[in-house]
Amino acid sequence: MSTAFDARRRPSLWSYLSFNSKPRRRSSSLPKHETPSPDSKENTPPKGSWGRAGNLEGYKEASMTGGQRARLLKTAGFITLVVLLLYLFTSRDGAGVRDMVQGAQKPSSTSTTDKKIAGPLGTTKCSKSSSKEKPLIQYALMIDAGSTGSRIHVYKFNNCGSTPELESEEFKMTEKKEGGSGLSSYGDDAEGAAKSLDMLLEVAMKTVPDKLKGCSPIAVKATAGLRKLDQKKEGASKKILDAVRNRLETKFPFPVVSAVNGGVEVMDGKDEGVYAWITTNYLLGKIGGPDKSPTAAVFDLGGGSTQIVFEPTFKSPSGGMPETLHEGEHKYVFKTGGTTYELYQHSHLGYGLMAARESIHKSVVQALHDASPTDKSWASSPISNPCIAPGMSREVNVTLDSGDFYTTTMAGPKDAASAQCRGLAEKILLKDKQCDLAPCSFGGIHQPSLEKTFAREDVYIFSYFFDRTKPLGMPESFTVAELRDLTAKVCEGEKGWASFGAVEGALEELKGRPEYCLDLNFMVGLLHTGYDMGLNREVKIAKKIKGNELGWCLGASLPLLSQESGWKCKVTESH
């Protein structure tokens, strides 16, 4: 961000000090006294030899030494004169002889002085906040308590302009473990769940300066994992969140966002998607910046749920399309910087990647169970599953709606069956479910047509979309058809993986995930069949934009900067 401070040349180092006259520059280049050269020392006769009248050879040596000394004195005088002239010339610009010899230049905007200002309490972008009501630097802490693990984001902002500018981000997640490391994985152990966040808070303690710890807000927002935990045991998520709040308030110096403002909560699915949309478009400069081009859509694929958020346009309604977005829970009005955005959003609970795996495996087992409800011998043998690559297998646990529990082995068929796998993926989308407000995407959920209201704008897909495609060498943008082709190749098994040999780590990735065929087929089915996205529609994958993590966390952190006046920091100048 350009400021008046950036445009000015930083003053000379001398301007920070007070002198009655111009400073005298001392330099190691100036000789303090005469030092005989090695040659003259070797030619100097022993002490007392100069007075020996009969020693002609000594007299000759003394005479030769005297001549050399005279020449040395003349040379030294000339060098001293040159050095003095250089000193007088360069001292006008505050630089001494040593600097001139070493080629030093005046400090620029990237000098050591700037590096000091760019410390944790300052910024290189400006020297003062744009408003007396805002501190120059603010930190905000957000913990994403996801279904598979928890992550902390420590954000540093400057207030050089009217919109807070993100300067840096520190990120860490809990260590992976069998069964997941999210808060929901602790079940009834609420205190254990709360303690699992301690390793994340270590990052915040090291990153946020001591002077700002007391005014750097922290919030914890749980997603689909805790939503589903309540479905299994009512009140379980509240106990965990109460334990988390208590530990944060008693063990750490950061102010915890109040309950009224959603400080420690199970986040509403619609907020998760909208915050991800804010994050993406904020980093792209489309909101809070000069870019006035159409905003980008976001498709977020988590472990337990998936979100879609975009800003539809109804300039040319046709085919029964309305002139504006229908009212309802799907409509989200967002205002910032004098601009209003009317967004479509929906969070599809139960359609995250891990949830989709469970549903697809369940449908396979359910079909066998229904075919033979009394004879369950089939469960003790490997079950052929078209979503497992040939030659691979995976042990899974399945609980049917009837309560019957099975631990069985899913094995890949002899030959690739990518289309059959996609058929299973599309089946769980419930595309034929009654649609009360047309048009609908899947599961009977209303959604404006992407083809008619969002045909050319950018679409960003991230989280598991990125995690499953980027390691296989997919570029930053590709079409849904190209994703389908990739899926078919993956579902062939090792005999079809030769093309992945040129992609570093790709073969190891494929061999370590027997359900890769399932994951990709669900993604194709979700985008093409679920959201009605054309096969030629281009999408973009990203994990970061401008070096910052995508997802909902940044978007949820921005409101914290001005939410409660008690967090206003006293440090208003750079240090």
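All residue numbers here begin at 1 and follow the chain in the order shown.
Each Cβ is built from the backbone N, Cα and C atoms, and glycine gets one as well.
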TrEMBL record, region 'Disordered', of the ranges 101-129, 159-187 the matching one is 101-129
Top of the binding-site residues SER305, THR306, GLN307 by count of other CB atoms within 10 A is THR306
Between the recorded positions GLU272, GLY303, GLY304, the one whose Cβ has the fewest other Cβ atoms within 10 Å is GLY303
Whole-number Å distance separating the Cα atoms of GLY304 (ATP binding site) and GLU272 (active site, proton acceptor) is 12
THR306 (ATP binding site) to GLU272 (active site, proton acceptor), Cα to Cα, whole Å, comes out at 10
Looking only at the binding-site residues GLY303, SER305, GLN307, GLU272 (active site, proton acceptor) has its closest CA neighbour at GLN307
For ATP, residues beyond GLY303, GLY304, SER305, THR306, GLN307 with C-beta within 8 angstroms of the site's Cβ centre include exactly SER147, THR223, ALA224, GLY269, ASP300, LEU301, GLY302, SER347, HIS348, LEU349, TYR351, GLY352, LEU353, ALA355
